[in-house]
Structures are given as C-alpha cells and as structure tokens.
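> Handing you this structure, nothing more for now.
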Ligand SMILES: Cc1cn([C@H]2C[C@H](O)[C@@H](COP(=O)(O)OP(=O)(O)OP(=O)(O)O)O2)c(=O)[nH]c1=O
C-alpha cells in the first residue's frame, strides 16, 4: 500500500497584539503561525451601538492585517482571525483604560450593576472572503467598596483592558454572575471562532496533539 501524503497544515494568522487572544487559541489547540497586530483608530462613531462598534473594529483589524499578510509570500493561503472586545453599560461604551482615572471611573460605574461585553471575531478565508460572528456576555459585579477599588487599581491589571478590568485576573472575585461566553469576555469567543474556522474548512481537530 502506498503511504498517504500527510495533508499540509493550513496556516493561521492572528491579527492581534493581545496575549490573551493568543493564549485562548493555544488553549483550544490552535497553533498560530504568525501574529500581525493591526493598529487602527478605535474611536466609536457618534451614536454607534456597542455591538456594531465591536463588529466594525474587528472587521477593520482583519482588513488591515490581511493587507500586510498578502505581502508575505509564506502566508499566502493562510486563515486570518481578528477580534475586538467592547464593554458597555447600556449604550455607553467604556474605554480601553490607559490611565488610573479612567479605570477608577469604570469601576465605579460597574460596581453593583450589570454590564455587557461584546466580542466580535472576523475571519478572512484563504480566498479572501470575510466571515464574522459576535458573542456577548452579561456580567454582574458585586458592589465595590472604596478599599476594593483602590486595591484593584494598585494591581495595574486594568491597564489596556476594555472596561478597566480583567475577569481572568484578580477582578474575578468581583464577578457575581456571567451569562454567555466567558472566553468572549477574555477577548476571543472560542465557540464562535471554532464555528467560523470549521465552517470555512479549517481542520481544527486534525491538529490537536494527543
Ligand atoms: C473585559 C475584559 C477585557 N479584556 C481585554 C481583552 C482585549 O485584549 C482588551 C480589549 O481591547 P481590544 O481593542 O479588543 O484588543 P487589544 O487592543 O487588547 O488587542 P488587539 O486589538 O491587538 O487584538 O481587553 C480582558 O483581558 N479581560 C476582560 O475581562
């Protein structure tokens, strides 16, 4: 019997600078061949609903990174994934916090109430088609005391995080309930990402190591 050729593993590009997104893909057994972060303007448009903002920014990141990808011969034929996470209280979009004051404002706003996290994923297929999905989670924080807010601000874990917290870190103790996709809150919804990839023929399970 002639040995069957081993199929080439399709390449996967993650258009992100977020270590959380990479870690989530790795957790799911999806090895990333290249990281191509896309620098884009993330300013919301006037009156733009949070879910549409997440979708628009994920698509934009994917498009920008795909142009870079197409200039790299070794990445021709790769699948490309980008994502964007938006935290919102009602229609109000919370910032991706870069200063302590911003984070403090967010924590006061989130204290004792419910908010939503939207993460949009955009896939660009090897043929250049775009596919997208949106995942959502509803989260309730405990009422935060001044001491809790001060202690959390001192950790610096809020830096660069939408809404000024990271559920996967110390802020996990503030989260009373999560309804919806936990991985969407961390930055990349695994169910939706897998659905997108497998729907476009990416053989995700074939590459799971035992
Ligand atoms: C709410 C929440 C957000 N985040 C993070 C996920 C995202 O990295 C970040 C939201 O910012 P994004 O603009 O979605 O992503 P990013 O700038 O970090 O990375 P890139 O655009 O290069 O892909 O907030 C957490 O890590 N945990 C949380 O609980």
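Note: Cβ is positioned from N, Cα and C throughout, glycine not excepted.
Where the annotation comes from TrEMBL, it is an automatic prediction and has not been curated.
Grabbed the feature section from TrEMBL, which reads as follows:
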type: ACT_SITE; residues: 84; note: active site, proton acceptor
type: SITE; residues: 20; note: site 'Important for substrate specificity'
type: SITE; residues: 85; note: site 'Important for substrate specificity'
type: SITE; residues: 168; note: site 'Important for substrate specificity'
> For the C-alpha pair, I'd like the distance in angstrom between residue 84 (active site, proton acceptor) and residue 20 (site 'Important for substrate specificity'), rounded off.
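So the Cα of residue 20 (site 'Important for substrate specificity') lies 12 Å away from that of residue 84 (active site, proton acceptor).
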> Could you give the Cα-Cα distance between residue 168 (site 'Important for substrate specificity') and residue 85 (site 'Important for substrate specificity'), in whole Å?
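Computed Cα spacing between residue 168 (site 'Important for substrate specificity') and residue 85 (site 'Important for substrate specificity') is 14 Å.
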> Under 8 Å between C-beta atoms and at least six apart in sequence, can you list the same-chain neighbours of residue 20 (site 'Important for substrate specificity'), or say none if there are none?
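Residues satisfying the criterion: 166, 168, 186, 187, 188.
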> If you draw a 10 Å sphere around the Cβ of the residue listed as 'active site, proton acceptor', how many other Cβ atoms fall inside it, taking every protein chain shown into account?
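Other Cβ atoms within 10 Å of the residue listed as 'active site, proton acceptor': 26.
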> For each of 85, 168, count the other CB atoms within 10 A of its CB; which of these recorded sites has the top count?
85
